[in-house]
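These come from TrEMBL:
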- 23-287: domain 'NADH:quinone oxidoreductase/Mrp antiporter transmembrane' (DOMAIN)
- 289-341: domain 'NADH dehydrogenase subunit 2 C-terminal' (DOMAIN)
- 59-80: transmembrane segment (TRANSMEM)
- 92-115: transmembrane segment (TRANSMEM)
- 151-170: transmembrane segment (TRANSMEM)
- 177-195: transmembrane segment (TRANSMEM)
- 201-221: transmembrane segment (TRANSMEM)
- 233-254: transmembrane segment (TRANSMEM)
- 274-293: transmembrane segment (TRANSMEM)
- 321-346: transmembrane segment (TRANSMEM)
Amino acid sequence: MNPYILATLLFGLGLGTAITFASSHWLLAWMGLEMNTLAIIPLMARHHHPRAVEATTKYFLTQATAAAMLLFASATNAWLTGQWDIQQMTHPLPITLITLALALKIGLAPVHSWLPEVLQGLDLTTGLILSTWQKLAPFALLLQIQPANSIILVALGLTSTLIGGWGGLNQTQLRKVLAYSSIAHLGWMILVLQFSPSLTLLALLTYFVMTLSTFLVFKLSKSTNINMLATSWAKAPAITALTPLILLSLGGLPPLTGFMPKWLILQELTKQDLAPTATIAAMSALLSLYFYLRLSYAMTLTMSPNSLAGTAPWRLQPSQFVLPLAVGTATTLLLLPLTPAAVALLSL
């Protein structure tokens, strides 16, 4: 792709998110979301391949549906209450519609079916943008409207954690595994959104860092399915040794960074007298942990049946920029001791 076009699209991507962040009017927020969608579509379709085109078409249709639903809900709110302000949502009907539209935009269960299919058709770089940056604008709106209808949010959160765990169990494609991982993590964030928005923000940031590390590792080893992971020891032995820790951090095992948001979210749910909800969420984390362990096993404890010629690549100079991977890996593994500082910063 022409670098000028790429720069323009990335600028549009950032501008759309910034407009949604800064807006207090529903039409401006909708416009930001539309700019975001239209900027990423050429990035998704830049590989002229049927899978990429199919994924782009599916993404466009779901995002257009969610945007139309959002516009309809905000117009309904203006009709019922006479104002367009995002933070002045009082009527339950538009609040529910907008919550469901934003759930469709970010891929929460039970409106998640598009996410694994779309992510599977993209390359890892565009998949990383879709899994991280594209979640920011809808989350900013969810945090602003503060939906008071707790039953919907808890139902969406629990369904997402369970489906995110169950769906990833029988997958062999890494991008689909990461899509179900994304659904499960978003479920955890939505569960605690109404009780502690700052905790949702902390969970979102840690999810971004862990997902960044995981995508960069798979990009470095050029792996797209579980069988290809077995050859990564010959390409990058050091990062292959660290990858199981990154995956276990995604699963939420102590003493890694991923344990911090899960621990704090379970604590907050218990404080709100939602012990059964917390128990189901914790049990669903075991499902996710299983497929992370499966990836770890495939990567470090199995060897591909190749000849000695296959061990050559690691001697070559790395052609990729590995600083983001190094920083992301360190952050993914070592932030748990800073939990009190993170909680103090978020409670300011």
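Cβ atoms here come from the backbone N, Cα and C positions, even for glycine.
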Ranking 92-115, 151-170, 177-195, 274-293, 321-346 by the number of C-beta pairs under 8 Å to the transmembrane segment (59-80), which range is first?
92-115
Quick one: mean pLDDT on the domain 'NADH dehydrogenase subunit 2 C-terminal' (289-341)?
77
